Amino acid sequence: MIRKSLLFLLLGLTLTAGLDQAVKYWVMQNMPLGTEIPLIPFLSLYHVRNSGIAFSFFSSFSHWGIIAITIIVIIFLLWLWKNTEDNKFLMRFGLVLIIGGAIGNLIDRIRFHHVTDYILFYIDDIFYFAIFNLADSFITLGVIVILIEELRTWMKAKRDSNHTSSH
């Protein structure tokens, strides 16, 4: 019988990577490269290709170098997930978001030699944030969830330590 935690991992990875790929497919099929679709005053869909990693970092690395780095990171994160206690739900949830996002972008790199990005935040002609995709959002959200969980754990340990030392 498959453990609940493994089922959670597989379902989470399938949902995150699958949703990312579905949106990218829609963008590639319906928006020519360089096309912008304004959604609301500060948010547009804008179809671009990114040969680097986050915010075009490592764009000078070879295609296979970026794929190798991504696979190594995914393996390490899976190891972390496996070695995280079952009761640390937020930690595991954050790891699933990060791994799923990494897999979504890895699929693009293997298939197309680039990642499709399409989310653009901006303020008129004053400020433009880096264009990114849903996989990047999952990765960022996963990091935030893990940081919140770690902060929560640290604060609880500090409270418990203060409580026991005052007696």
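The backbone N, Cα and C atoms fix where each Cβ goes, glycine too.
Over in Swiss-Prot, the protein carries these features:
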type: ACT_SITE; residues: ASP117; note: active site
type: ACT_SITE; residues: ASP136; note: active site
type: TRANSMEM; residues: 7-27; note: transmembrane segment
type: TRANSMEM; residues: 61-81; note: transmembrane segment
type: TRANSMEM; residues: 87-107; note: transmembrane segment
type: TRANSMEM; residues: 126-146; note: transmembrane segment
### Query
Do we see three or more Cβ pairs under 8 Å linking the transmembrane segment (126-146) and the transmembrane segment (7-27), pairs being at least 6 apart in sequence?
yes
### Query
Between ASP117 (active site) and ASP136 (active site), how far is it from one CA atom to the other, in Å?
9
### Non-local residues, at least 6 beyond the ends, that sit with Cβ under 8 Å of the transmembrane segment (7-27)
45, 47, 81, 92-93, 96-97, 99-101, 103-105, 107-108, 116, 118, 133-135, 138
#### Entry: Three-state secondary structure, which DSSP defines for ASP136 (active site)
helix
